[in-house]
Amino acid sequence: MEILMASSNLIKQLQERGLVAQVTDEEALAERLAQGPIALYCGFDPTADSLHLGHLVPLLCLKRFQQAGHKPVALVGGATGLIGDPSFKAAERKLNTEETVQEWVDKIRKQVAPFLDFDCGENSAIAANNYDWFGNMNVLTFLRDIGKHFSVNQMINKEAVKQRLNREDQGISFTEFSYNLLQGYDFACLNKQYGVVLQIGGSDQWGNITSGIDLTRRLHQNQVFGLTVPLITKADGTKFGKTEGGAVWLDPKKTSPYKFYQFWINTADADVYRFLKFFTFMSIEEINALEEEDKNSGKAPRAQYVLAEQVTRLVHGEDGLQAAKRITECLFSGSLSALSEADFEQLAQDGVPMVEMEKGADLMQALVDSELQPSRGQARKTIASNAITINGEKQSDPEYFFKEEDRLFGRFTLLRRGKKNYCLICWK
């Protein structure tokens, strides 16, 4: 389903997908793209040990440009991650130690790698780290060579920091205020090193991107461009990319492939076709045809399954997708025989509620401990009414004690009350 976007009208195609929030000098950029391949970059600051769904749109945008023949540079902010971007943040960020940030840099670099092709000839991707040019820069060089080109008058008028400057309880430190200069210099540096002429980022990055464009012009007399992707919103106004458990991460150890897949399955009908444009490489024609088919089928829409499949495969590969589908199918059917030990580990991580128990427990106690029932008395009635299954098998004896064979892989027992209420027992 992957499409190669023709370079000359790449911006138009991104706009058709709703992927362009703002762009500097669109005509000149379109003209530059029409002349042949360019190098472009997107920065990822290590503010945690994993990227999350919010990073996925700009990351996939880099991939879209690479598929159209351009050279992507993925910049991990080993230096900027030590400072903290104040853009549209209500409060000062907590500074992390150099060791922590370095650890996160390594993890994020590994996470970005599978999305881009680092070995495809002319337009092979490049991984860069801005610590390489800031790590040994002394303060006088910074103030004379970079600071001299920035007007504080303009900096305090940038939307991204305005609200912080106007709040008495939360000012802005000189550290975070100077972030804008660092990101600006990144652009100038990458322009000089790799001929980068375009920076892409989330729409909250507009102020930092335009600073980089100005600085590159002043330092190298080169015209460069910026393009921002929109911050993703949901039709109901709630925040995208969050669940009750917090952010949806790209690291399978922080959000399991099953939970990730389920996140997309639960997309609202009002959002799903838009999200297919943002997060997949299906053509607009394919997406429109799917929408038409769903509208006329008289059945539940297929779009959520297509979306979940495409994005889970992109992020977790074919194995991750197959595991997520297998777990989904087994929970739905109640038959657990196809589940592997690793599948149960995903469920224990974040797939269903989990409770740890000592061996020798009885079923009534398990139902109370797992909060599937409020009391032993209520548990007794529910068991007797034939509403409880153990590993998919009905159990109607209220006095039941767990046996060795109930412990799958010696560790796991899956309880279900009714059709949909699960709890996984992990035996100590």
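Backbone N, Cα and C atoms are what each Cβ position is placed from, and that goes for glycine too.
When secondary structure is read from DSSP and collapsed to three states, TYR179 (L-tyrosine binding site) falls in the helix class. Marked as L-tyrosine binding site by Swiss-Prot: TYR41, TYR179, GLN183.
In the three-state DSSP scheme, LYS242 (ATP binding site) is classed as strand. The Cβ neighbour count for LYS242 (ATP binding site), using a 10 Å radius and every protein chain shown, is 15. Among the features that Swiss-Prot reports, ATP binding site is placed at LYS242.
The annotation domain 'S4 RNA-binding' is assigned in Swiss-Prot to 361-418 on the grounds of sequence analysis. The DSSP breakdown of the domain 'S4 RNA-binding' (361-418) into helical (H, G, I), extended (E, B) and coil residues amounts to 19 helix, 14 strand, 25 coil.
DSSP assigns LYS148 (N6-acetyllysine) to a helix. For LYS148 (N6-acetyllysine), no same-chain residue that is 6 or more apart in sequence has a Cβ closer than 8 Å to its Cβ. If you look up Swiss-Prot, you'll see LYS148 marked as N6-acetyllysine.
Sequence annotations record features per position, and here Swiss-Prot assigns motif ''HIGH' region' to 46-55. With a threshold of 8 Å between CB atoms, the same-chain residues lying at least 6 positions outside the motif ''HIGH' region' (46-55) that come near it are 76-78, 81, 84, 93, 101, 103-105, 107-108, 111-112, 202, 231-232, 240-241, 247-251, 254.
Tertiary neighbourhood of the motif ''KMSKS' region' (239-243): same-chain residues 52-54, 232-233, 259, 263, selected by CB-CB distance under 8 Å and a gap of 6+ residues from either end. Under the heading motif ''KMSKS' region', Swiss-Prot lists 239-243.
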Integer Å distance between the CA atoms belonging to TYR179 (L-tyrosine binding site) and LYS242 (ATP binding site): 27
Tertiary neighbours of TYR179 (L-tyrosine binding site) (same chain, Cβ under 8 Å, six or more apart): THR80, ILE83, GLY84, ASP85, PRO86, SER87, ASN208
Surrounding CB atoms that lie within 10 Å of the CB of GLN183 (L-tyrosine binding site), all protein chains: 27
Per-residue pLDDT averaged over the motif ''KMSKS' region' (239-243), given as an integer: 86
